[in-house]
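Visitor: Got a structure for you, questions after.
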């Protein structure tokens with residue numbers, strides 16, 4: 001689509017690779033947030049408690065059914081079939097549906113679940129705690145990510161380094177084996193390390209942890225709720241301890257631990273691919289403004305998982321513009337704003353398992369767009 005960012009990449013397209021790597025527009029867009037909001041049907045902004053709970057209850061039912069079948073019938077199967085087919089299938093299916101529950105908790109953090117903040121916070125707190133996510137802690141840091149997306153100085157996570165800040169060891173990992181190693185560590189440990197130690201997060205003065213109420217991430221008025229988040233995590237950990245004591249550590253790992261790893265994998269994968277793409281600009285303080293920063297994200301296609309993940313994967317552009325739109329209206333909202341966004345709308349249909357390696361290869365650091373005289377606008381590069 002010219003030199004713009006409206007990348008319509010399909011796996012069968014002969015020019016998909018070159019299309020995907022073209023730099024998107026970075027200038028102040030010719031439309032406003034008001035223009036975009038006016039284009040979206042008003043009902044898309046309406047939150048329905050029955051409809052929101054229907055998605056949550058569907059996911060809970062699936063999780064319960066998977067758990068019931070695994071704990072009551074897998075032991076009746078021949079061992080090779082149980083070990084090499086049934087349990088792996090359970091882990092993947094359970095992990096994917098639990099990721100959908102995480103997405104609903106994320107929606108609660110944006111006040112997109114219902115019209116009542118207490119309902120959103122109660123639902124989000126319960127189900128994020130079940131997935132060992134400190135709900136209020138992440139809610140506050142994630143909102144600041146939305147407020148500063150695309151800013152090299154103030155964004156909260158997946159902030160690309162400038163070339164001068166690239167670590168010395170990156171050149172030794174800039175090869176196929178090194179990239180696979182980096183991706184493996186990132187997908188397995190990235191989420192808990194970010195929550196616990198702010199790894200890959202913006203630098204702060206002092207100990208920045210989502211579990212530490214007095215971390216510089218939080219404002220004074222938020223600190224009490226950080227204690228509540230920690231209490232929720234401790235309660236779930238105690239429940240897991242009691243389950244392991246009753247059913248055995250292996251059983252706990254099989255029914256809960258491995259699916260949780262799948263959830264963590266998809267959280268990092270989806271977030272990484274939403275905010276990392278060769279076409280995306282980033283801005284320093286001389287160029288950044290909210291609407292340009294909000295457009296520094298990419299919609300992706302995960303096939304059937306789009307529905308399992310409640311379309312957080314293929315409606316993320318609209319989500320960054322209007323975070324309170326519930327997921328069941330996000331597709332309609334996306335279609336409504338596409339004509340106005342034009343080349344500012346980013347979509348890449350490259351399969352995720354191809355895209356994650358490509359982005360790890362192409363997006364090592366950012367450098368100023370000197371070709372167009374934009375010293376405050378940065379694009380990805382990989383030449384070390």
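Keep in mind that glycine also has a Cβ here, set from the backbone N, Cα and C atoms.
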Visitor: Can you dig out which of the ranges 118-138, 139-159 TrEMBL describes as transmembrane segment?
Guide: 118-138
Visitor: Which one of 249-273, 274-298, 299-323, 324-348 shows up in TrEMBL as transmembrane segment?
Guide: 249-273
Visitor: Averaged over the domain 'Fatty acid desaturase N-terminal' (21-63), what pLDDT does the prediction give?
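Guide: That region's mean pLDDT is 96.
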